[in-house]
Amino acid sequence: MGFKQWYGKVSLANKILIAMVLGAIIGYIVGPSITVLDPIGTIFLRLLKMVILPLVFFSIAAGTSSVVDLSRLKRIGGLFLVYWLFSSLAAASVGVIWALIIKPGVGVKLAEKAAEQTGNINMLQTFINWIPDNVAAAFTNFNMIQVIVFAIACGLTAAVMGESDSGKFLRNLFRSGDEMMMKMVGYIMEFAPYGVFALMANITGTVGTMVLGALAKMLVTQYVAYATVLIVVYPIILMVFAKVNPIQHFRNIFPAMLVAFSTCSSSATLPVTMESTKKRAGVPEDTVNLIAPPAATINMHACAAEMPIYALFAAQLFGVHFSPATFIYIIILGVIMAAGVAGVPGGAIMMAAVLMNIMGMPLTIVPWIAGIYRLIDMPNTMLNVTGDTVGMVTVASLMGELDKETFEKAK
């Protein structure tokens, strides 16, 4: 059997895994000059980003327009919101606990002092800003939340139009658009192994293993918190509420986990997340279409754990001591800020700066975070995407609509 025949029989997930390992090894050996491959990774990222907004629009519009029983839409959305709230609170609590145990900032004292006052988040204005005042601007500015709101409005309007000719036309248009975008995603994913190879080679060739002092401890804290959510929180949710095998679930969505790890973007991984959850995890198509796009924007469990770690890391560096009530505030703040992190690479860096302002801390550590963020972002994004799929499987199972046969047979 020749290489071409062998390669053709290897599954896409295994191709991506092989590409990731080879990219990491070759990048580490070659060093910074491996950046010559950067255009290949950039092309892959641009191809994924090219389909994001139309995919989100058509999938949500198709999903909402096909729900004749609006009570079903409310139930799907309601169940996922409950999942998002409690799982995010759990993730934020995990972040606080590990930051208190590992104490990443202890042992280093910085001269700057924390500010006396803290800033405020205007939540009312945040919600108002979700409503687009210019749909074209929402698309051109890549404002995912506003595109989602507009897509929901279009889908619900088409659903209310019922069996009229216009209503049928719009529903068919949305479904056809959704089918077209998913087909395009399939073609793009054939290029994934090459893109992932280039991305991983570039990362290991330029960043290497350079971590220092307190930053190294902070990285360890992040990784341990993410691992706790992945191997403790998610399995509990899957076993207790979804009543499925957690190991099988991770096997089902492994392609999405790999792409998320290499692209560092929940939004860029969205096409793969949706495909894996529908075809490998057995979640109904309309459930995936309704949940996946908003989940990629607001359901950020890794960020919910990440933000409290930053807050406590800074407090320890600057010698600030928090009361028990402040820890509760930090947990809630972590959930809120995680929902505001855009699903794009490095979106949490800006939120880290906002967090420092809210907590009255100097911005000294923000450039430090930015400097090593790629090392944080890879497992961070993988956990965020995994949390989205756990939510969709849980909602589908609670509604009695999870295809257990499909769920169990994926390899």
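Including glycine, each Cβ sits where the backbone N, Cα and C put it.
Where the annotation comes from TrEMBL, it is an automatic prediction and has not been curated.
Look at TrEMBL and you will find 12-31 (among others) tagged as transmembrane segment.
The transmembrane segment annotation in TrEMBL covers 43-68 (among others). Within its own chain, the transmembrane segment (43-68) is flanked in space by residues 139, 142, 144, 147-148, 150-152, 154-156, 158-159, 170-171, 174-175, 177-178, 180-182, 184-185, 188, 191-192, 194-196, 198-199, 263, 265, 267-271, 274, 285-290, 292-294, which lie at least six positions past its ends and keep a Cβ under 8 Å from the stretch.
What TrEMBL records for 80-101 (among others) is transmembrane segment.
TrEMBL lists 144-163 (among others) with the feature transmembrane segment. Within its own chain, the transmembrane segment (144-163) has Cβ neighbours under 8 Å at 52-53, 56-58, 60-68, 70, 73, 130-132, 135, 138, 170-171, 174, 267, 293-294, 296-297, 342-343, counting only residues six or more beyond its boundaries.
Listed by sequence, the residues of this chain that lie at least six past the ends of the transmembrane segment (184-203) yet keep a Cβ under 8 A from its Cβ atoms are 12, 15-16, 18-20, 22-24, 26-27, 30, 34-35, 37-41, 43-45, 47-48, 51, 55, 258-259, 262-263, 271-272, 274-275, 374, 378. Annotation source TrEMBL lists transmembrane segment at 184-203 (among others).
TrEMBL lists 223-241 (among others) with the feature transmembrane segment.
Per TrEMBL, the feature transmembrane segment maps to 325-343 (among others).
Here TrEMBL flags 349-373 (among others) as transmembrane segment.
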| Taking a Cβ cut-off under 8 Å, which residues six or more beyond the ends of the transmembrane segment (223-241) line up next to it in the same chain? | 83, 87, 90-91, 94-95, 98-99, 102, 249, 301-302, 305-306, 309, 379-380, 383, 386-387, 390, 393-394, 397-398
